[in-house]
Amino acid sequence: MGAVDKAVVSSPNAVRTPMLALLGNPNCGKTALFNRLTGARQKVANYAGVTIERKEGGFTTAAGNGFRVLDLPGAYSLNAQTPDEEITRDVVAGLRKGDAAPDVVVCVVNATNLRLNLRLVLEVKRLGLPMVLALNMVDVAKKRGLVVDADVLSRELGMPVVETVAVQAGGEKSLLRALDLMWPLPVSTPQPLAAIDAVGVEDTQREVRRILDLALTEPAHAGDALSEKIDNVVLHPVLGPVILAVLMFLVFQAVFSWAAAPMDMIKDGVEHLAKWMTASMPDGVLHSLLVDGVMGGVGGVLVFLPQILILFFFILFLEDCGYLPRAAFLLDRLMGGVGLSGRAFIPLLSSFACAIPGVMAARTIQNRRDRLVTIMIAPLMTCSARLPVYALLISAFIPDRAVAGLFNLQGLVLFALYFAGIVSAMAVAYVMKRFMGAQGKHPLMMELPAYHWPHLRNLALGLWERAKIFITRVGTVILTLTILLWVLSSFPGAPEGATHPPIYYSLAGIIGRGLEFIFAPIGFNWQICIALVPGMAAREVAVGALGTVYALSQTGDEVAQTLAPIISATWSLATALSLLAWYVFAPQCIATLSTVRRETGSARYAWLMAGYLFALAYVASFITYHVARALGG
Ligand SMILES: Nc1nc2c(ncn2[C@@H]2O[C@H](COP(=O)(O)OP(=O)(O)OP(=O)(O)O)[C@@H](O)[C@H]2O)c(=O)[nH]1
Ligand SMILES: [Mg+2]
C-alpha cells in the first residue's frame, strides 16, 4: 500500500468495485488514513474542518480485494448544521445524485475522545450499512494510559473494531485485514435517513456512556497534561495575545531576512542565463522576446519563491502542531467585536495563501450571514500572489536598516501591509453586519486538539505543494501573460524620429496612456498603468510586467540589470506607497471572483465584491499619495 500507482483499482472478481466511505468527527484523522490507504497527498492539519469536499481514491488489500474510497468532511452528527456536514450526510445516506450509498462505512474515531466520537457511530449504525470502526490515534491514547478493549467495543457495537495509527507506515494494516475478513461484503439494506432520529439524543448519549463503562479504562487524570500546561500560558488572557502578536511578527521578519541568500542565488542564475543568451544569440525579435520578455518577466517573479516558502513553512508548522485553533480562540473576542465568529478565522487564515481555498473553507460556518461576510472579506487577507509586488516595492523604496536595534525596517513595513489588510477586513465586516441587520453573537464551539510535534513528512509535502503551485503558475499563466505583454509592448514599433522609448508608441503604451487619466490622481505613471492590465488576471504578473515595460523602455543598450534600482530612481516615494496601498485592496484576481459566484450561488456578490474593493483601493491610494506628497515623499 501507499504507492501512488495503486490509486487506480482493478479487481478481477468484483463486478463493481465496492465503495468505502471514511466517516468521522472533524480532526480524527480521516484524511491521514485516506492518504495512507491510497498513497494520495490530501491536506491534513491539526484542526477541525480541513476537508470540505468529498475526495475519491482507491486501493487493493493484501488478498487482492479492490476498493474505491471516499474521504468526507468531518461531522459531529448526521443532523447536518453546515454545508460541509451536509455533503457528508448526503453521501452516507445515498442522497447525492448519481451516487449510491457506500458499500461499507469505516467510522474513524479519535481513541482519546471516544465520549464525543461514539455518538456519530451509533447514528450511522442506524442506517444499516456494513461498518468497521477504526480506533485511530491509538498511539496517543496509549501514551496517555487510556486502555480501550476492542473486543468489548466490537461486541457492544456489533461491528469489527480495529486499531489504526494513520500517521505511521503500516498503521492501516489492521483495517485492511478486517476488510478482507468481511469479504465478500454483506449486502446492505440501507434505511432512510430518518432512521438516525429513531433514538433521541439523550438516549444515544446514555448508550455511549454504557458502552464506555464496559470498554474503556481511564487513568485518574486522562487529559493531555502537557497540552494543558502549554495552554495555561498560550491561552492566558494577557500573555496569549502577546505571544500571538510576537509570533506573527517574527514570521514576517524571517520572510525578509532568511530569504535574502536564496533569492540572490536565483537572481544570479537568471542573470547568468540572460547573459549567456545575449552572447549566444543574434540581436533581433527572438532575442528580445526571450531576454526582455520571458527572462525579465518570469525570472522577476521566480525570485520570490524563497519568501513564499518561508511564510508557508511557518503557517504549516503552526497548523500541524495545533496552535492555529488556539489563535482562533484568542481572536474570537476581537472578531466578535465586529460581528464575525471565531470560526471565520480558519477561512481567513487560508486566504493568506490564496483567497480561493479561503472562500471555500467558509463552508464550515453555520450561520449564512456570517458565512457571506467572511467570504466578502477573504480577499482583503494578503494572498501570496501579492508578496512579490510588496517585496519588490519594499526592497526598492524602504531602506534595509535596523530599527531600535532590533527590527528590520523592511520586515516592519511588510508586517504593516498585512496588518492593514486585516484591520480593513474587520472594518468592512463591521459595516456589512450593520447593513445586514445586527444579530446575536454565536459562541465559538471549537475543539482544541492536543499539541504535537509537526510531522516532517506533512511539512515537507505541504511546502512541496506550495512550490509546485507557484512554479506551475509561473510556467503557465505568468509565462503566457508575459509573452502577450511583450507582444503588446513591442508592436507597433516607434515611428521615425521618435523622442520616447519604443514602448510608448506600442499597443500597451497606448492602453497605458489611455488609463493614465484615471490613475494619475493617485500617482500612477503610464508604466504602472500598463502593468496593471495583465495584473488583473494574476497579481504577481505586475512585477514581470514592470520588468518587461522597463527593460523595453530603455533606449539604446542600457537595458536594466534589475528592476528595483530603476523604479527607485524614477518613481517618487509617494507613487510607490500609493501602489502598495492599491495592492492591499484592489480585486485583481478573476479566479477569486468566479469562486465567490460559485460558492454564493449568485453573481451579485461577486460584483459587489469587485465594486467595493475597487472603490476602497482607489480611495486608499488617493489618500496615501496625497498625504505622502504633503509630507514631502
Ligand atoms: N499521533 C497521531 N496523529 C494523527 C493520527 N491520525 C491523524 N493524526 C493527526 O491528526 C491531525 C488531523 O488529521 P486529518 O487527517 O487532517 O483529520 P480529518 O479527520 O481529515 O479532519 P477534517 O478533514 O478536518 O475533518 C493531523 O495533524 C494528523 O497528522 C494518528 O493515528 N496518530
Ligand atoms: Mg480531512
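Residue 1 is the first one shown; counting continues down the chain.
In case you wondered, yes, glycine gets a Cβ from its N, Cα and C as well.
Listed in TrEMBL for this protein:
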{"type": "DOMAIN", "residues": "17-185", "note": "domain 'FeoB-type G'"}
{"type": "TRANSMEM", "residues": "238-261", "note": "transmembrane segment"}
{"type": "TRANSMEM", "residues": "289-318", "note": "transmembrane segment"}
{"type": "TRANSMEM", "residues": "372-398", "note": "transmembrane segment"}
{"type": "TRANSMEM", "residues": "410-432", "note": "transmembrane segment"}
{"type": "TRANSMEM", "residues": "470-491", "note": "transmembrane segment"}
{"type": "TRANSMEM", "residues": "503-522", "note": "transmembrane segment"}
{"type": "TRANSMEM", "residues": "529-551", "note": "transmembrane segment"}
{"type": "TRANSMEM", "residues": "563-585", "note": "transmembrane segment"}
{"type": "TRANSMEM", "residues": "605-628", "note": "transmembrane segment"}
Intrachain neighbours beyond the transmembrane segment (372-398), with Cβ under 8 angstroms and 6 or more residues off its ends:
255, 300-301, 303-304, 307-308, 311-312, 339-340, 344, 347-349, 351-355, 358-359, 362, 365, 409-410, 413-414, 417-418, 421-422, 424-426, 428-429, 432-433, 436, 466, 470, 538-540, 542-543, 546, 563-565, 567-568, 571, 573, 576-577, 579-580, 583-585, 587, 589, 592, 596, 599-600, 605, 608-609, 612-613
Contacting positions for the transmembrane segment (289-318) when only residues 6+ beyond its ends and CB under 8 Å are counted:
247, 251, 254-256, 258-259, 262-263, 266-267, 270, 273-274, 277-278, 281, 324, 327, 349, 352-353, 384, 387-388, 391-392, 454, 458-459, 462-463, 466-467, 470-471, 474-475, 478-479, 481-483, 485-486, 490, 540-541, 543-548, 551-552, 559-560, 563
Proximity verdict for the transmembrane segment (605-628) and the transmembrane segment (503-522), three or more C-beta pairs under 8 Å:
yes
Maximum Cβ pairs under 8 Å to the transmembrane segment (238-261) - stretch from the list 410-432, 470-491, 503-522, 563-585:
410-432
Under a Cβ pair cut-off of under 8 Å, which of the recorded stretches 470-491, 503-522, 563-585 contacts the transmembrane segment (410-432) most often?
563-585
